[in-house]
Amino acid sequence: MRLELRGITKRFGALVANDHIDLVVEPGEIHCLLGENGAGKSTLMNVLYGLYQADEGQILLDDAVQEFDGPGDAMAAGIGMVHQHFMLVPVFTVAENVMLGHESTRAGGVLDLDAARAKVTEISARFGFHVDPDALVEDLPVGVQQRVEIIKALSHDADILVFDEPTAVLTPQETDELMGIMRQLRDEGTAIVFITHKLREVREVADRITVIRHGKVVGEASPSASDGELASLMVGRAVELVVAKDEPTLRENALEVTDLEVVGPGGQVLVDRVSFSVRGGEVLVVAGVQGNGQTELTEALLGLQEQVRGSIQLDGQELVGRTVRQILRAGVGFVPEDRNTDGLVGEFTIAENLVLDRTDGPPFVRRGSLQLRARDSFAREKVAEFDVRTQGIETRVGRLSGGNQQKVVLARELSRELRLFVAAQPTRGVDVGSIEFIHKRIVETRDTGIPVVVVSTELDEAVALADRIMVMYRGSVVGIVPADTPRDTLGLMMAGIPPETGPQNEGDAA
Amino acid sequence: MSGETPRPDGREPEPEAVPEPAGGQVPDADPGSPLAEALETVDAQAEPGLAEELQQEAAREQTPVVADTGARWRDAFRRATSGGWAVALGAIVLAVIAGSILIIVTDERVQAAAPYFFARPADTLAAVGRAVGGAYSALFQGAVYNFGADSFAVGIRPLTQTLTNATPLIAAGLGVALAFRAGLFNIGGQGQMLMAATAAGWIGFGVTGLPFPWHMLLCVVAGVAAGALWAGIAGLLKARTGAHEVIVTIMLNYVAFYLLSYFLATPGLMQAPGSANPKTPPMAESSVLPPLLGDSYNLHWGFVLSLAAVVYVWWLLNRSSTGFSFRAVGENPKAARVAGIDVSRATVYVMLIAGGLVGLAGAQQVLGTVTTGFGADIDAGIGFDAITVALLGGSSPWGVLGAGILFGGFKAGGSAMQAAEGIPIEIVLVVQSLIVLFIAAPPLVRAIFRLPQPDRVPRTRRRRAAAAPTTAPTKGGQA
């Protein structure tokens, strides 16, 4: 089926999220929608999927104008969507999830699970998915869960499949498999819209590329375009993919983690006897696919995990068993992975958020009273220093963009006297301009001579920032390697395969 | 099932799918213009405001996709407990309108005139006017100023009665509101008041020989402490075991009620000697909160205590570090925890203080309003009305003050409505309940009155962003 979007415009108040976007997707092609976070890709697809109503413009399927009042209409018309965040019920089986929303029943209202099961088996056989229809979704690895999403879409006879940032949660190898699946689907005549902001994937799989920026189509590109060309189309200026930094000057002070073990509430081992050390003046990037224990590791460093064994020594001081407040006082700066839930109070003002972890004494609290004047002048200073773009310090943080929010977190954490800096996913959901700024600040922090630990799932970022890279897989350390390790090796390490000790192939390490 | 279905002979992928470079497929996007021109377009519109808003849009549209029911419930809760004053006002107006309709429908004269409405509509309309006008005039005269009175001193009595009614509502409302701000739902106002009344009352009639201000103060302190402890149980259980405070506080209501009933029914404990009624003896003279405006009015010093409590809660929430951590915990407990705030401790403390405030209401009841001895119904539903007051007041101390006075007025005026116009007291209660209902659904009120919905981008923001560009100059200008 041929999909055409004609002049789609979607406004939110005065904000134009999509500005007269035209897009044609032919059957049997993979059409990449490339753009930064917030460029309007997801809005466009939500319009297509009936979640939003376009203010102007038309959706045409095989040249027939469509009116979608909701995802049900879109699905009925043959559009399937694989969401970035899986829309699956974890405690249901694969078959139950696949038929959810389209339950067929036998006499007496009994669910016809067999039909769903058969469908799952049939589709997964067709594409070589190897998905057990009776497995509980929560027991499946992420990559397989995504396949369930795909099966779900296909089971509704979708002729047009939208993949919304599908690779965010996958290992490089799983990503490759997904690419294979997409090609296979394309070869069967499905029209595929592939939303992403990862250039490598685009070039690998796309037949056509449309770049969206600020809600507008800014151009088309061919898959043979270079990374640099694509990136500058996306961003509108040359992007510095490399972080400028000197050779590290190592100092004596260090973070020593020995046999660290974190056990989750269900008794599962989340971090499995991890040992590493970071010297003052160097950046250790913890790489790996999300969900392999990095989050828990950083939380353990800050005392946020309940069941921790082993030892974390900062300059000889034991941190395990201390409260969060004590660890903060010991000089640990922490940028949490999810700033909205863990880093900021959205309803609080910038000023309030900047002193969130300073409620235990001077200069912002005296005799139990907040020192508003001190706080406000501090806030104004930090807003200027960290280039937070805002109306003023009384703006609620929830109103800021991702990049500016992250700068607020960074400003707060870097304004204390630090002896260790831990940043988890510091640039996730952050615009490119802010990414550069944040990277620069992290390197500057390193150069003040303290140990820096950065968690990143983006290989590019890991390679650019790191002095050394530690790869985690299923809670344990696969290896700690120099930053100039070839990407292939790193990719394999992220899938749990330890680096062979020896061959250093031709590296394209940037 | 059917094993490897051989692919239905897929057309070969390449032929039509080959990307013609920037070809005609996408009609309008700078046709045939390569990079350079595209760059230009965007530099022109690289105004920070728009970029930022798009980001925000992206952030916003990503949140609902994650089906995080916890966050959603919290969000709804926060919205219900902190609706702006405009919503509160709108809710009142809507409720009053709905109340008017009820009054009209239930009014006998309207009912009598309605059957011949088309013959003589004036009759019906007159009856409607009289019913509604009479009702709200009675409400006003019963709650604020009685125009029929001979002197100002008598005419103003309804207002003092309103304030008397408002006294415990304000104190208890503050207790509920404070808990709201820390993300806790304190349903246990009844129990906390009853325990406070028990403690204050027991010392009030049981202790003799203490001189006036000290005895009274001791009673107040005992009441506050009892309320604090009773709520503190819920706080402790929540902090230590995760027991939900709603269930715990509700159950503690029962415990308190039956405990007090037992005390009251047991001679030698709290039952008045020589009486078979489950009622305490009257309070000792030295323990009573003295009248504020002389003996001819019911208003007592408890009102001043409530005002002081308003100021205290305001200071606590807005100027103290303790209140700052309460609010942080209420808005985002995870972030609070990461920032080193002890969430468990904050939970216990906030319940202690909230219970203390509700306890103050209990003490005011026995030491000021009903000094002649009390039964197990001494809470008079205030513990629950306090929830309404806190909601209506948007969980802010000054809002609670206003809402408490409004509800005190409803109480005072409601009886006047009943007495003067024969309107059932239930109608007043319906109006009160409708207020809560409307407040709980702010989008409804906003929609009806066309107030801006907060989850949309406010119209003015874009203009402001454009007019007064942001503090720092954009650095991402050029390639």
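Even glycines carry a Cβ here, placed using N, Cα and C.
Residues or ranges marked as compositional bias 'Basic and acidic residues' by TrEMBL: B:1-14.
Feature annotation from TrEMBL assigns compositional bias 'Low complexity' to B:466-479.
For B:1-44 (among others), the entry in TrEMBL reads region 'Disordered'.
According to TrEMBL, the region 'Disordered' annotation covers B:459-479 (among others).
The feature transmembrane segment is assigned by TrEMBL to B:82-105 (among others).
Annotation comment: TrEMBL describes B:166-184 (among others) as transmembrane segment. Residues 74, 77, 81-82, 192-193, 227, 231, 235, 238, 245, 299-300, 302-303, 305-307, 309-310, 313, 316-317, 326-327, 329-331, 333, 346-347, 350-351, 353-362, 364-365, 368-369, 382-383, 385-387, 389-390, 393, 395-397, 399-401, 403-405, 407-409 of the same chain, all 6+ positions outside the transmembrane segment (B:166-184), place their C-beta atoms under 8 angstroms from a C-beta of that stretch.
Residues annotated as transmembrane segment in TrEMBL: B:214-237 (among others).
Positions annotated as transmembrane segment by TrEMBL: B:246-265 (among others). Using a Cβ-Cβ cut-off under 8 Å and counting only residues 6 or more beyond its ends in the same chain, the transmembrane segment (B:246-265) has close neighbours at 185-188, 190-192, 194-195, 197-198, 230-231, 233-234, 237-238, 271, 278-280, 375-376, 383.
Residues annotated as transmembrane segment in TrEMBL: B:299-317 (among others).
Cβ atoms under 8 Å from those of the transmembrane segment (B:346-367) belong to residues 167-169, 171-172, 174-176, 178-179, 181-182, 184, 186, 188-189, 192-197, 199-201, 204, 216, 219-220, 222-232, 234-236, 238-239, 245, 283, 287-289, 300, 302, 305-306, 309, 313, 316, 322, 325-326, 329, 336, 374, 378-380, 382-383, 386 of the same chain, restricted to positions at least 6 beyond its ends. Taken from TrEMBL, the feature transmembrane segment applies to B:346-367 (among others).
For B:387-407 (among others), the entry in TrEMBL reads transmembrane segment.
Tertiary neighbourhood of the transmembrane segment (B:427-449): same-chain residues 79-80, 83, 86-88, 90-96, 98-99, 102-103, 106, 135, 139, 385, 387-388, 391-392, 407, 410, 413-414, 417, selected by CB-CB distance under 8 Å and a gap of 6+ residues from either end. Marked as transmembrane segment by TrEMBL: B:427-449 (among others).
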Take the C-beta pairs under 8 A between the transmembrane segment (B:299-317) and each of B:82-105, B:214-237, B:387-407. Which stretch has the highest count? B:387-407
Give the nonlocal contacts of the transmembrane segment (B:387-407) in its own chain as ranges (CB under 8 Å, at least six residues past its ends). 80-85, 88, 91-92, 162-163, 165-167, 169-170, 172-174, 176-177, 180-181, 186-187, 189, 306-307, 310-311, 313-314, 317, 432, 435-436, 439-440
Residue numbers, six or more beyond the limits of the transmembrane segment (B:82-105), whose CB comes under 8 Å of its CB atoms: 111, 128, 131-132, 135-136, 180, 391-396, 399, 403, 406, 423, 427-428, 430-432, 434-435, 437-439, 442, 445-446, 448-449, 451
